[in-house]
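Let me begin by presenting the structure, written as structure tokens, before commenting on it.
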Amino acid sequence: MAPRAGQRGLWSPLPGLLLLAAALSRPAAPCPFQCYCFGSPRLMLRCASGAELRQPPRDVPPDARNLTIVGANLTVLRAAAFAGGGEGATDGVRLPLLTALRLTHNNIEVVEDGAFDGLPSLAALDLSHNPLRALGYRAFRGLPALRSLQLNHALARGSPGMLDALDAALAPLAELRLLGLVGNALSRLPLAALRLPRLEQLDARVNALAGLGPDELSALERDGDLPQPRLLLADNPLSCGCTSRPLLAWLHNATERVPDARRLRCASPRVLLDRPLIDLDEARLGCSDGDAHESGEGIDVAGPELEASYVFFGLVLALIGLIFLMVLYLNRRGIQRWMHNLREACRDQMEGYHYRYEQDADPRRAPAPAAPAGSRATSPGSGL
């Protein structure tokens, strides 16, 4: 029945509501296989599928912001691996909004040149805990916005040229702020990392650093308003000889740039084993070779702590001496009487000994010798 004139239609809003419900119930694009999506749009994806995942998922939504892959078997990261690159790929999906990429514990051994092409907004990359054996000289190209790079426990198994490759790969990262190189058995720090203009912190703990040379220390200096980078160097086998003088002088002048300066300890020579480096005096560190250096010959171990203890001991002795003099001064009259009485007693004793000596030495007081037995006594006038 048609509605009467002037009467509002009861079913007129129904088509609009149906259209709205259909729009809201429209199924969203599914998550990549073996991944979990969080947020809408998919701000975060987590893929932890085990060893069967051998390459990054190619159907990652283009609006993804964070991507985490843990526990996979991504042995080789080929060029444009996260933009659909790799073997058999002709056209990959770009991820223009991806800002954080975490790839820890994925058994990654090789990172080829341009492995992260197609990620222009990437700001944080974590490759920690992967047995990297080869790193492309341009592995981190195409990452103009990268600010944090974590390579902790990832380079220890690398080839002898790994440090050179790392130097070349880090050079184009002009916006890098944080660099993690913990537990990589590094014998030196990559100079390219130290020269990054905006670097704020370099974490190089638990490595094989025996010290920092003049070239490394000079690369840490910045001119103008650029930030002065901080270093974390704890748990490195530092050699506390004459070669450590530049590092020790730099530490004394820039302690605030090494937050763990008190944890820097000597590993050699033996005489300085486990001594805090910052407590030593660079002028006292001698240079020796071979066994002499190992035994500590030529190295003066009297550091500020020992000198301070000597000064404190001297002050204590001076205080004790001052107290002793004050006691003597306050009791001077009693001490004088005691000395006088002692002198008189000694005099009386000596006079007694002198009197006895005089008596014993007088011959008239000597007794007459006794007559021998059987002899007859005679008088002086008997004539016999």
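In case you wondered, yes, glycine gets a Cβ from its N, Cα and C as well.
Copied from Swiss-Prot, the annotated features are:
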COMPBIAS  367-384  compositional bias 'Low complexity'
DISULFID  Cys31-Cys37  disulfide bond
DISULFID  Cys35-Cys47  disulfide bond
DISULFID  Cys240-Cys266  disulfide bond
DISULFID  Cys242-Cys287  disulfide bond
CARBOHYD  Asn66  N-linked glycosylation site
REGION    361-384  region 'Disordered'
REPEAT    95-118  repeat 'LRR 2'
REPEAT    173-196  repeat 'LRR 4'
SIGNAL    1-30  signal peptide
TOPO_DOM  331-384  topological domain 'Cytoplasmic'
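Over the repeat 'LRR 2' (95-118), the average per-residue pLDDT in this prediction is 93. Separating the Cα atoms of Asn66 (N-linked glycosylation site) and Cys47 (disulfide bond) is a whole-number distance of 11 Å.
DSSP labels the residues of the repeat 'LRR 4' (173-196) in these numbers: 4 helix, 3 strand, 17 coil. Secondary structure counts, DSSP: the repeat 'LRR 2' (95-118) has 0 helix, 5 strand, 19 coil. When the Cα atoms are compared, Cys266 (disulfide bond) and Cys242 (disulfide bond) turn out to be 13 Å apart. Each of the disulfide-bonded residues Cys47, Cys240, Cys242, Cys266 was assessed for Cβ neighbours inside 10 Å, and the highest tally belongs to Cys240. A separation of roughly 51 Å, to the nearest angstrom, links the Cα atoms of Cys242 (disulfide bond) and Cys47 (disulfide bond). Other C-beta atoms found within 10 angstroms of the C-beta of Asn66 (N-linked glycosylation site) number 18, with every protein chain shown included. In the three-state DSSP scheme, Cys242 (disulfide bond) is classed as helix.
Put simply, Cys47 (disulfide bond) is 47 Å from Cys240 (disulfide bond) when counted between their Cα atoms. DSSP assigns Cys266 (disulfide bond) to a strand in the three-state reduction.
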